[in-house]
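Engineer: The structure's right below; bear with me while I get my questions together.
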Amino acid sequence: MVIRLDIANVLVHKVLVDNGSSADIIFWEVMKRMGLEKSEFRPVKTPLVGFGGSEIASLGTIDLPVSMGTEPCRRTMMVRFLVVDTPFAYNVILGCPGLNLFRAVVSTYHLKMKFPTKSGVGEVSCDREEARRCYNLSLQKGEQGQSKRKEEELEKEDTKKFKTERIEPVEEHKSVELAIGQPEKTTRTGSNMSRSLETLMVDFLKKNADLFAWGPSDFKGIDPEVIVHRLNVDPMVRPVKQKKRSFRAERNRIIEEEVSKLREAGYVLEVQYTDWLANIVVVPKASGKWRMCTDFTDLNKACPKDPYPLPRIDLLVDSTAGYELFSMMDAYQGYHQIFMAEEDRIKTSFVTDRGIYCYNVMPFSLKNAGATYQRLVNRMFRH
């Protein structure tokens, strides 16, 4: 129900009465037109949570006198509003706290709101024309704000999606230098091994030091004759070019540094014309550093799921029971050792401030990348 209220001696139109809202909200654009300043706000730490679970930051709270009804059945109360700076079709939301202050009863059937006063029962009627205009305006603002909200929510979703907890050994570990005079070439062993077993293990690792990869230059990738990653994009699906996302200077620097590394390693190629275009997402790593990921949401929707079976962690752990030693092998940039099928490279294009690039190797966050990698691992151990 949409009504008019006298707030701080100003007649405010487009007030939404929402008895499902746990807060009374006033929007910053309205407050500026009312001549109110931010200096009058009180800070608030509790975030405002919307219907869909998304959080909206509040600029603070402010107490304002609100009057409703007509004389002699008119009443004025001090209402504490949350101030929000976001596009919205309404100027104010009068929620449960404000309604309870006035002891108001809302009838959606009669489109009226009544409340007790010293002189009798006060009444406020719905402004139907204003309600229709607000509804139409809300559709327009929804379209305008959808892109920004989607970007913010996507970043949160991707942060959750790509953020993985690093598994650490229960026991303490020791660093083992595999190449004399090259401290960067180290690996780790458990500290609970016997001295004789530790000596055998370290000697074994040093003899096979050439099998370790310390950087992209240490390997050339898997021969495409063995395996490549194919997208199998549905030809009936229309390609999507995502609108370029803007980042702060700090994030842009991280993106450009990562792209430079990928180009130097030959993992990405610069392209000019592409039908598919994705954005970059920068997410925090468990180590406190940042990881650059690509938002392949639209591309993944166009690809069928590869049903290749993936191993279950609990079964792998159970299979180690009864053995004296447990060894973990971390494949260095494993996904990047598999090349993309030549005809599918252009579909993995992404945009940055410096240009448009596509992946020459299989990137993270592609729908079936895990299945392709597992297929390669199984093939290696089978032979």
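Glycine residues also receive a Cβ, built from the backbone N, Cα and C atoms like all the rest.
Computed from a predicted structure; not experimentally measured.
The region 'Disordered' feature in TrEMBL is assigned to 140-166. Sequence annotations record features per position, and here TrEMBL assigns compositional bias 'Basic and acidic residues' to 146-166. Residues or ranges marked as domain 'Reverse transcriptase' in TrEMBL: 283-382.
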Engineer: Taking helix as H, G and I and strand as E and B in DSSP, count the residues of the domain 'Reverse transcriptase' (283-382) in helix, strand and coil.
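Structural biologist: Its residues divide into 36 helix, 17 strand, 47 coil.
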Engineer: Given the model, what does the mean pLDDT over the domain 'Reverse transcriptase' (283-382) come out as?
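Structural biologist: For the domain 'Reverse transcriptase' (283-382), the model's average pLDDT rounds to 87.
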